[in-house]
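Following: one structure in structure tokens, then a few remarks.
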């Protein structure tokens, strides 16, 4: 693989890793607070539809973004009510909301636009357009680093940078704030948090709301950044890949970045079978690349490469007094 | 929380959950400018108003019985097998390999062989997540989800690169030999008076009924079934009674995977007569809704599978004849899972208030 091709692949890696990263961090907040969420997929999907539709109707991508976040947070609220207030099965709630999202998105998009469940193609101010980072022109001529800066790092939409920024912010919130300490404690041992006089319920609802917000960003990026408009089932399992990345990263923010970049790289490679054939000498079947994130996750889950231990209170509803 | 009378828990809770899911779906239909009454009419006539409709309703129900039983058996051992979809697809691979291996002389010989193929392949696909859960403590929900995706990638690869006959464009296996064709309801003496030849419902329906009976027998009339249920209720108690957790997880998941795989004799052998991509078409996931709705009992699963068969066929007709998209099925399915599986405490609390008021009134 020559340097120019590598840059192309890395460029699409960053693009494709962004929704995975946002969804992965979304899941991180929820699961660190002890609420399993396999409904990342559904939240991304409904956010994609809402942002695509709102951006198409209003012509403004920012209104689209708000709509996406709102829709995603609505599903998150239902998940919260089911799993926190009514102490229901969190896994089943997640599965259910994924189906609700995949049905509702097509129904709504079809009734609004009658284009077979898609939203109209977006352009101009209705989309997140590429941003050129400062000094791109100046650095471009520097060998090696210049093209990397200009072609890979620069020229993405605002949400890509927001996603990258979300990693240190998440780290800081989780490990350097009182809220983060409590959030982690509520996922490991909610009784201790309760004993300290902090509301378990409120902490968990806050975590679920953050999950909704981040999934909203991920979905909005899918429909208004990565692609120009919403299409049915456009998330195509990304919520589950993000979940896989979360396990792969063992519920830690910086590792989440590396895991999603790795999975994004695999997705980018799957789009360029010609590159694989040229650089490895053999044609790796595309389905094998598609399946690789899942296989890697199973290997990590199996504990062959270090152990992935989820937050201890994950999945268990909290009962104050028995 | 108060304990509800048993009949309320078994009948009323799922029924109210279903009504709530239906009510929300009706509101959604109204919101998108459709007519819920007309939608119900189209669904009922389309699914139950003709022999043709019944042929499809029972065909779908057959698949859902298998996947619903699969989820139920695992559930009784405390395992949430969300991998029915992948197990059903791999079961389809087993069916295809069996059917294409020999020039089968008659379906009565091909069917048992295909059932073994489907069951073994489905069970094998469940075996790895089960082993990892039992021995390495991996979360069975996550691994089975991952295995769904791995299964579909594997099937895509096999169909495109290996099993596709030379000169054929679409990624599918060759057509199964004529001797492996299962008789449809239109070809079974007696039933043929009612059903026409082109309905997809086939003899697999009776296999599904037998499977219901078999699962009931296993769970409530054998030592193994008792052990499975004991383990699912309380792991420490089961351990104390000398029941091996590893064995329970493995056995229940293998049976579960085998049942999900057996679904393939209905859709792959009975209907498509060749293996296609995405052959299970979501039936594995509907199994979750069916099991929850049917309260994990074979009779309940049978009734819930009929209901979902109706919703599936009715929903298809509705997508065809009204402006309401077919995806309403997914919404309804999601809502049923939500209310019966995740919000069941809410329904119980509501009923609890009602029953308490009644008890007070009587006293």
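Note: Cβ is positioned from N, Cα and C throughout, glycine not excepted.
Looking at the stretches A:185-204, A:205-224, the one that TrEMBL records under the feature transmembrane segment is A:205-224. Beyond the transmembrane segment (A:291-310), the same-chain residues lying 6 or more positions past its ends with a Cβ under 8 Å from any Cβ of the stretch are 31, 240-241, 244-245, 247-248, 250-251, 263, 266. Here the transmembrane segment (A:69-88) has Cβ contacts under 8 Å with residues 35, 37, 39, 42-44, 46-47, 49-51, 94, 97, 100-101, 201, 204-205, 208-209, 211-213, 215-217, 219-220, 317-319 of the same chain, all six or more residues outside its ends.
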